[in-house]
Amino acid sequence: MKTAVIVFPASNCDRDIAVALEQATGKKPEMVWHGDSTVPDADLIALPGGFSYGDYLRAGAMAAKSPIMRDVIERAKKGTPLLGVCNGFQVLCETGLLPGALMRNAGLDFVCRPASLRVENNSTSFTSGLDKSRYLNFPVAHHDGNYFADDDTLDRLEGEDRVAFRYVDNPNGSARDIAGVINDAGNVLGMMPHPERVISPLLGGTDGADFFKSLVNALS
Amino acid sequence: MSVITAAKLTGTSLMKAKITITLKSGVLDPQGVAIETALAGLGFDGANDVRQGKVIEMKLSETDEAEARAKAEEMCKKLLANPVMENYSIEILA
(Lines of atoms letter the chains of each structure in order from A and count residues from 1; the text may use other names and numbers.)
(Lines give C-alpha, C1' and ligand atoms only; values in the text may rest on other atoms or scores of the structure.)
Protein backbone atom coordinates (compact mmCIF):
# COMPACT_ATOMS: atom_id res chain seq x y z
CA MET A 1 0.00 0.00 0.00
CA LYS A 2 1.36 3.40 -1.05
CA THR A 3 0.94 6.49 1.08
CA ALA A 4 1.80 10.18 0.74
CA VAL A 5 2.28 12.85 3.39
CA ILE A 6 1.81 16.49 2.42
CA VAL A 7 4.38 18.81 4.01
CA PHE A 8 3.49 22.48 4.50
CA PRO A 9 5.82 25.16 5.84
CA ALA A 10 5.59 24.72 9.66
CA SER A 11 4.07 21.27 9.57
CA ASN A 12 5.63 19.59 12.59
CA CYS A 13 4.06 16.14 12.78
CA ASP A 14 4.87 15.18 9.19
CA ARG A 15 7.74 12.91 10.19
CA ASP A 16 5.75 11.40 13.07
CA ILE A 17 2.92 10.39 10.75
CA ALA A 18 5.46 9.15 8.18
CA VAL A 19 6.93 6.82 10.83
CA ALA A 20 3.44 5.65 11.82
CA LEU A 21 2.51 4.93 8.21
CA GLU A 22 5.77 3.15 7.51
CA GLN A 23 5.28 1.02 10.62
CA ALA A 24 1.79 0.07 9.48
CA THR A 25 2.47 -0.44 5.76
CA GLY A 26 6.11 -1.51 5.70
CA LYS A 27 6.79 1.19 3.10
CA LYS A 28 8.07 4.73 3.49
CA PRO A 29 5.47 7.27 2.44
CA GLU A 30 6.21 9.82 -0.26
CA MET A 31 6.77 13.22 1.33
CA VAL A 32 5.17 15.85 -0.89
CA TRP A 33 6.01 19.55 -0.61
CA HIS A 34 3.12 22.03 -0.53
CA GLY A 35 4.46 23.88 -3.58
CA ASP A 36 4.29 20.79 -5.81
CA SER A 37 1.39 20.45 -8.15
CA THR A 38 0.79 16.70 -8.21
CA VAL A 39 0.56 14.03 -5.52
CA PRO A 40 2.28 10.77 -6.55
CA ASP A 41 0.06 7.73 -6.92
CA ALA A 42 -1.10 6.85 -3.39
CA ASP A 43 -3.74 4.71 -1.69
CA LEU A 44 -3.86 7.16 1.21
CA ILE A 45 -2.93 10.83 1.50
CA ALA A 46 -2.21 12.30 4.94
CA LEU A 47 -2.27 15.94 6.01
CA PRO A 48 -0.10 16.21 9.12
CA GLY A 49 -0.34 18.23 12.31
CA GLY A 50 1.56 21.43 12.90
CA PHE A 51 1.09 25.12 12.40
CA SER A 52 1.16 25.51 8.64
CA TYR A 53 1.92 29.07 7.59
CA GLY A 54 2.17 29.99 11.27
CA ASP A 55 -1.62 29.70 11.64
CA TYR A 56 -1.75 33.14 9.99
CA LEU A 57 -5.22 34.45 9.21
CA ARG A 58 -6.93 31.27 10.50
CA ALA A 59 -5.49 27.86 11.31
CA GLY A 60 -5.27 25.93 8.04
CA ALA A 61 -6.56 28.78 5.85
CA MET A 62 -3.38 29.38 3.87
CA ALA A 63 -2.48 25.70 3.54
CA ALA A 64 -5.94 24.99 2.14
CA LYS A 65 -5.07 27.30 -0.78
CA SER A 66 -1.52 26.06 -1.39
CA PRO A 67 -0.69 24.65 -4.86
CA ILE A 68 -0.65 20.95 -3.88
CA MET A 69 -4.12 21.16 -2.38
CA ARG A 70 -5.76 21.51 -5.78
CA ASP A 71 -4.62 17.99 -6.62
CA VAL A 72 -5.33 16.67 -3.10
CA ILE A 73 -8.92 17.94 -3.32
CA GLU A 74 -9.31 16.52 -6.83
CA ARG A 75 -8.04 13.10 -5.68
CA ALA A 76 -10.27 13.09 -2.59
CA LYS A 77 -13.29 13.90 -4.75
CA LYS A 78 -12.38 10.91 -6.94
CA GLY A 79 -12.34 8.70 -3.84
CA THR A 80 -8.72 8.55 -2.63
CA PRO A 81 -8.73 8.16 1.15
CA LEU A 82 -7.53 11.34 2.86
CA LEU A 83 -6.67 11.66 6.54
CA GLY A 84 -6.12 15.01 8.27
CA VAL A 85 -4.78 15.09 11.82
CA CYS A 86 -4.88 18.24 13.95
CA ASN A 87 -3.72 21.01 11.58
CA GLY A 88 -4.65 18.57 8.81
CA PHE A 89 -8.24 18.57 10.12
CA GLN A 90 -8.21 22.38 10.17
CA VAL A 91 -6.99 22.38 6.56
CA LEU A 92 -9.73 19.93 5.52
CA CYS A 93 -12.42 22.18 7.02
CA GLU A 94 -10.91 25.21 5.28
CA THR A 95 -11.02 23.42 1.92
CA GLY A 96 -14.68 22.59 2.45
CA LEU A 97 -14.02 18.83 2.11
CA LEU A 98 -15.32 18.54 5.66
CA PRO A 99 -18.08 20.69 7.15
CA GLY A 100 -17.58 23.06 10.08
CA ALA A 101 -14.55 24.91 11.40
CA LEU A 102 -12.01 24.62 14.21
CA MET A 103 -12.12 27.66 16.45
CA ARG A 104 -10.05 28.91 19.37
CA ASN A 105 -10.36 26.53 22.36
CA ALA A 106 -13.22 27.58 24.62
CA GLY A 107 -10.87 27.84 27.60
CA LEU A 108 -8.36 29.87 25.54
CA ASP A 109 -5.50 27.65 26.71
CA PHE A 110 -3.35 25.60 24.40
CA VAL A 111 -4.26 22.07 25.48
CA CYS A 112 -1.59 19.38 25.38
CA ARG A 113 -2.55 16.18 27.13
CA PRO A 114 -3.84 12.65 26.58
CA ALA A 115 -7.50 12.52 25.57
CA SER A 116 -9.79 9.56 25.87
CA LEU A 117 -11.95 8.99 22.79
CA ARG A 118 -15.01 6.96 21.98
CA VAL A 119 -15.19 5.35 18.56
CA GLU A 120 -18.62 6.45 17.40
CA ASN A 121 -18.63 4.81 14.02
CA ASN A 122 -16.53 1.75 13.24
CA SER A 123 -18.02 1.05 9.84
CA THR A 124 -15.73 3.53 8.02
CA SER A 125 -12.57 2.38 6.29
CA PHE A 126 -10.65 4.49 8.82
CA THR A 127 -12.09 2.81 11.89
CA SER A 128 -13.38 -0.62 10.87
CA GLY A 129 -10.81 -2.51 12.95
CA LEU A 130 -11.57 -0.57 16.13
CA ASP A 131 -13.83 -1.92 18.82
CA LYS A 132 -16.60 0.53 19.77
CA SER A 133 -16.58 -0.61 23.38
CA ARG A 134 -12.94 0.41 23.78
CA TYR A 135 -11.75 3.91 24.63
CA LEU A 136 -8.77 5.09 22.62
CA ASN A 137 -6.14 7.24 24.23
CA PHE A 138 -4.62 9.73 21.77
CA PRO A 139 -2.88 12.96 22.79
CA VAL A 140 -4.32 16.33 21.81
CA ALA A 141 -2.05 19.35 21.29
CA HIS A 142 -3.78 22.40 19.89
CA HIS A 143 -4.97 25.94 20.42
CA ASP A 144 -7.74 25.87 17.82
CA GLY A 145 -9.52 22.57 18.23
CA ASN A 146 -12.97 23.76 19.17
CA TYR A 147 -15.15 22.14 16.51
CA PHE A 148 -17.95 24.41 15.39
CA ALA A 149 -20.80 23.97 12.94
CA ASP A 150 -24.37 25.21 12.96
CA ASP A 151 -27.04 23.02 14.54
CA ASP A 152 -28.43 21.84 11.21
CA THR A 153 -24.98 20.67 10.12
CA LEU A 154 -24.36 18.95 13.46
CA ASP A 155 -27.74 17.21 13.27
CA ARG A 156 -26.98 16.08 9.74
CA LEU A 157 -23.53 14.76 10.74
CA GLU A 158 -25.02 12.78 13.60
CA GLY A 159 -27.99 11.60 11.52
CA GLU A 160 -25.65 10.32 8.81
CA ASP A 161 -23.35 8.67 11.37
CA ARG A 162 -20.43 10.85 10.33
CA VAL A 163 -18.99 11.54 13.78
CA ALA A 164 -16.02 9.17 13.88
CA PHE A 165 -14.72 10.03 17.36
CA ARG A 166 -16.01 11.86 20.43
CA TYR A 167 -14.11 13.10 23.46
CA VAL A 168 -15.00 11.42 26.75
CA ASP A 169 -13.90 14.60 28.56
CA ASN A 170 -14.18 17.53 26.13
CA PRO A 171 -10.85 19.44 26.28
CA ASN A 172 -11.67 22.38 24.00
CA GLY A 173 -15.39 23.15 23.90
CA SER A 174 -16.07 21.24 20.67
CA ALA A 175 -19.72 21.08 19.71
CA ARG A 176 -21.27 17.80 20.89
CA ASP A 177 -17.82 16.58 22.02
CA ILE A 178 -16.84 15.93 18.41
CA ALA A 179 -13.18 14.96 17.95
CA GLY A 180 -13.30 13.66 14.38
CA VAL A 181 -15.69 13.67 11.42
CA ILE A 182 -15.87 11.99 8.03
CA ASN A 183 -17.20 13.32 4.74
CA ASP A 184 -20.40 12.06 3.15
CA ALA A 185 -18.56 9.73 0.76
CA GLY A 186 -16.67 8.19 3.70
CA ASN A 187 -13.16 8.67 2.24
CA VAL A 188 -12.07 11.79 4.16
CA LEU A 189 -11.45 11.79 7.91
CA GLY A 190 -10.40 14.79 9.97
CA MET A 191 -9.53 14.49 13.66
CA MET A 192 -7.87 16.73 16.23
CA PRO A 193 -6.20 14.01 18.40
CA HIS A 194 -2.85 12.57 17.30
CA PRO A 195 -2.81 8.80 16.73
CA GLU A 196 0.71 9.08 15.27
CA ARG A 197 2.05 10.08 18.69
CA VAL A 198 1.13 6.78 20.34
CA ILE A 199 2.52 4.07 18.11
CA SER A 200 5.04 2.48 20.47
CA PRO A 201 5.30 1.73 24.20
CA LEU A 202 8.35 4.01 24.14
CA LEU A 203 6.02 6.89 23.28
CA GLY A 204 3.61 6.07 26.07
CA GLY A 205 1.02 4.05 24.22
CA THR A 206 0.12 1.93 21.23
CA ASP A 207 -3.52 2.89 20.57
CA GLY A 208 -2.35 4.87 17.56
CA ALA A 209 -0.58 1.84 16.13
CA ASP A 210 -3.93 -0.01 16.30
CA PHE A 211 -5.60 2.88 14.49
CA PHE A 212 -3.07 2.82 11.62
CA LYS A 213 -3.12 -0.99 11.46
CA SER A 214 -6.89 -0.94 11.17
CA LEU A 215 -6.75 1.74 8.50
CA VAL A 216 -4.13 -0.08 6.45
CA ASN A 217 -6.00 -3.40 6.72
CA ALA A 218 -9.18 -1.76 5.48
CA LEU A 219 -7.46 -0.05 2.54
CA SER A 220 -5.08 -2.82 1.45
CA MET B 1 -3.93 66.58 -15.31
CA SER B 2 -6.71 64.79 -13.54
CA VAL B 3 -6.04 63.01 -10.26
CA ILE B 4 -6.88 59.64 -11.78
CA THR B 5 -4.49 60.09 -14.70
CA ALA B 6 -1.76 61.22 -12.34
CA ALA B 7 -2.30 58.16 -10.22
CA LYS B 8 -2.07 55.88 -13.23
CA LEU B 9 1.12 57.54 -14.42
CA THR B 10 2.84 57.39 -11.07
CA GLY B 11 1.46 53.96 -10.18
CA THR B 12 0.01 55.22 -6.95
CA SER B 13 -3.14 53.64 -5.66
CA LEU B 14 -6.32 55.57 -5.24
CA MET B 15 -8.36 52.95 -3.49
CA LYS B 16 -7.84 51.60 -0.06
CA ALA B 17 -9.92 48.70 1.21
CA LYS B 18 -10.62 48.19 4.86
CA ILE B 19 -12.09 44.76 5.56
CA THR B 20 -13.56 44.02 8.95
CA ILE B 21 -14.07 40.38 9.88
CA THR B 22 -16.20 39.46 12.87
CA LEU B 23 -17.49 36.24 14.34
CA LYS B 24 -21.12 35.56 13.54
CA SER B 25 -23.53 36.29 16.33
CA GLY B 26 -24.16 33.20 18.39
CA VAL B 27 -20.64 31.87 17.79
CA LEU B 28 -18.78 31.64 21.08
CA ASP B 29 -15.91 34.14 21.18
CA PRO B 30 -13.67 33.04 24.07
CA GLN B 31 -11.26 35.93 23.42
CA GLY B 32 -14.12 38.42 23.67
CA VAL B 33 -15.19 36.81 26.94
CA ALA B 34 -11.63 37.06 28.30
CA ILE B 35 -11.43 40.74 27.31
CA GLU B 36 -14.80 41.41 28.93
CA THR B 37 -13.62 39.76 32.14
CA ALA B 38 -10.39 41.78 32.11
CA LEU B 39 -12.29 45.03 31.53
CA ALA B 40 -14.60 44.26 34.43
CA GLY B 41 -11.51 43.53 36.54
CA LEU B 42 -10.20 47.02 35.71
CA GLY B 43 -13.43 48.55 36.91
CA PHE B 44 -15.04 49.20 33.52
CA ASP B 45 -18.57 48.26 34.43
CA GLY B 46 -21.25 47.73 31.85
CA ALA B 47 -19.05 46.55 28.94
CA ASN B 48 -21.14 43.66 27.68
CA ASP B 49 -21.06 41.30 24.72
CA VAL B 50 -17.43 42.09 23.89
CA ARG B 51 -16.48 40.53 20.55
CA GLN B 52 -13.04 40.41 18.99
CA GLY B 53 -12.56 40.54 15.24
CA LYS B 54 -9.86 41.52 12.79
CA VAL B 55 -9.23 44.31 10.34
CA ILE B 56 -7.33 43.84 7.11
CA GLU B 57 -6.31 46.92 5.15
CA MET B 58 -4.85 47.04 1.67
CA LYS B 59 -4.19 49.36 -1.21
CA LEU B 60 -5.83 48.38 -4.47
CA SER B 61 -4.78 49.32 -7.97
CA GLU B 62 -8.38 49.75 -9.10
CA THR B 63 -9.47 53.31 -9.68
CA ASP B 64 -13.18 52.51 -9.77
CA GLU B 65 -14.86 52.02 -6.42
CA ALA B 66 -17.28 49.32 -7.61
CA GLU B 67 -14.41 47.33 -9.12
CA ALA B 68 -12.35 47.69 -5.95
CA ARG B 69 -15.28 46.52 -3.85
CA ALA B 70 -15.92 43.55 -6.14
CA LYS B 71 -12.28 42.54 -5.88
CA ALA B 72 -12.27 42.81 -2.07
CA GLU B 73 -15.51 40.81 -1.95
CA GLU B 74 -13.90 38.03 -4.01
CA MET B 75 -10.89 38.02 -1.66
CA CYS B 76 -13.18 37.64 1.35
CA LYS B 77 -15.00 34.73 -0.25
CA LYS B 78 -11.85 32.92 -1.36
CA LEU B 79 -9.55 33.48 1.60
CA LEU B 80 -10.02 36.29 4.08
CA ALA B 81 -13.19 35.14 5.84
CA ASN B 82 -14.55 31.72 6.70
CA PRO B 83 -18.31 31.80 6.09
CA VAL B 84 -18.86 28.96 8.57
CA MET B 85 -18.13 31.25 11.49
CA GLU B 86 -17.37 34.75 10.23
CA ASN B 87 -19.05 37.77 8.65
CA TYR B 88 -17.20 40.50 6.82
CA SER B 89 -17.80 44.06 5.81
CA ILE B 90 -15.86 46.09 3.26
CA GLU B 91 -15.16 49.79 3.25
CA ILE B 92 -13.58 51.36 0.20
CA LEU B 93 -11.74 54.55 1.02
CA ALA B 94 -10.65 56.74 -1.82
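Positions of Cβ are set from backbone N, Cα and C atoms, glycine also.
As written in TrEMBL, here are the features:
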ACT_SITE  A:Cys86  active site, nucleophile
ACT_SITE  A:His194  active site
ACT_SITE  A:Glu196  active site
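Distribution of TrEMBL features across the structure.
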{"residue": "A:Cys86", "record": "active site, nucleophile", "CB count, 10 Å": "32"}
{"residue": "A:His194", "record": "active site", "CB count, 10 Å": "22"}
{"residue": "A:Glu196", "record": "active site", "CB count, 10 Å": "29"}
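A:Glu196 (active site) and A:Cys86 (active site, nucleophile) are 11 Å apart (CA-CA, integer value).
In the three-state DSSP classification, A:Glu196 (active site) falls within a helix.
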